[in-house]
Structure formats: C-alpha cells, structure tokens
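Q: The following feature annotations were taken from Swiss-Prot:
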- 1-20: signal peptide (SIGNAL)
- 21-142: domain 'C-type lysozyme' (DOMAIN)
- 27-142: disulfide bond (DISULFID)
- 48-131: disulfide bond (DISULFID)
- 53: active site (ACT_SITE)
- 71: active site (ACT_SITE)
- 83-97: disulfide bond (DISULFID)
- 93-111: disulfide bond (DISULFID)
C-alpha cells in the first residue's frame, strides 16, 4: 500500500507540470503574445517582462514574498490581489492561481492586461529592474 501511495504521489508531481509550457525561443513567445492581442508597440516590454519574471515558463511559482503572497505563471501575477488560491475563481482577475500556470495563457494574458491597465508595467519588479529605461528585446524578426 505504501508503494502505491509513493507511486501515485510521483505521478501527481509529474502531472502538475503536464499542462505547463516553456517558450523555448523569444519568437515563440512573441507569436503567442500576438495571438493573445498584446499591442505590437509594447511587445518589447512584454517580452522583457516575461523573460525576467518567469523565464518564459507558464508553470513558474515564485518564492514567498515578504508579505506572504506568491507570484504565479508566465507573468508572475500576485495572489494577494489578482488570483484566488482556492478552487473558486476570485480576486480582481476572477481566476484561480492554478489557472495562471496552464499552457493556455488566455486567462493569464487577460489578467496581465488588466494589471497593466491599472498600473502600467510598473506593477512588475522584473520590468522595473531589468527593462525600464533599458534596451528592450528586438521582436521585429519574429
């Protein structure tokens, strides 16, 4: 019985990442962001943000922040205000934090755009520290 429990735990641990995606190239990410309706004139900022926040991984969960919150997904969206850590969608983006970890980034994109509309890119420390006022990634060849 104990071996079965260990086996099932191992399968569950692997499957947590079954629906995750890693954008292996910058252009893969750019194509997906275009599909999600991100504006072309902001593409360099969004790519820089994603690369510095999550490393282009949809399943990234950040470490616990000083206030006890965590950041989730491709855009590292915070659970204090934006996503619910329960099975019921909630908070300002009306999503679960698990929704933000899927390879389908539709909900994460919608939430990121909502955050941007309220706070601009300054809502993300990865953007502030690595992108603001710096040379942005060139996405023109994608």
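Glycine too: its Cβ is placed from the backbone N, Cα and C atoms.
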Q: Under DSSP, the domain 'C-type lysozyme' (21-142) has how many residues in helix, strand and coil?
A: 52 helix, 12 strand, 58 coil
Q: Pull out the disulfide-bonded residues from the set 83, 97, 131, 142 whose C-alpha sits within 10 Å of the C-alpha of residue 111 (disulfide bond).
A: 83
Q: How long is the line from the C-alpha of residue 83 (disulfide bond) to the C-alpha of residue 48 (disulfide bond), rounded to the nearest angstrom?
A: 23
Q: Just to verify a number: CA distance, residue 53 (active site) to residue 97 (disulfide bond), in angstrom, no decimals.
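A: Their Cα atoms are separated by 16 Å.
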Q: Fill in the CA-CA distance, residue 71 (active site) to residue 97 (disulfide bond), as an integer in Å.
A: 9
Q: Go through 83, 93, the listed disulfide-bonded residues, and name the one with the sparsest Cβ surroundings, counting other Cβ atoms within 10 Å.
A: 93
Q: In whole Å, how far is residue 131 (disulfide bond) from residue 27 (disulfide bond) when you measure between their Cα atoms?
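A: That separation, Cα to Cα, works out to 18 Å.
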Q: Out of the disulfide-bonded residues 93, 97, 142, give me the one sitting nearest to residue 48 (disulfide bond) by CA distance.
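A: Answer for the nearest of the disulfide-bonded residues: 142.
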Q: Just the number: how many Å between the Cα atoms of residue 97 (disulfide bond) and residue 131 (disulfide bond)?
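A: Between the Cα atoms of residue 97 (disulfide bond) and residue 131 (disulfide bond), the distance comes to 25 Å.
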Q: Please report the Cα separation of residue 131 (disulfide bond) and residue 142 (disulfide bond) in Å, rounded to an integer.
A: 19
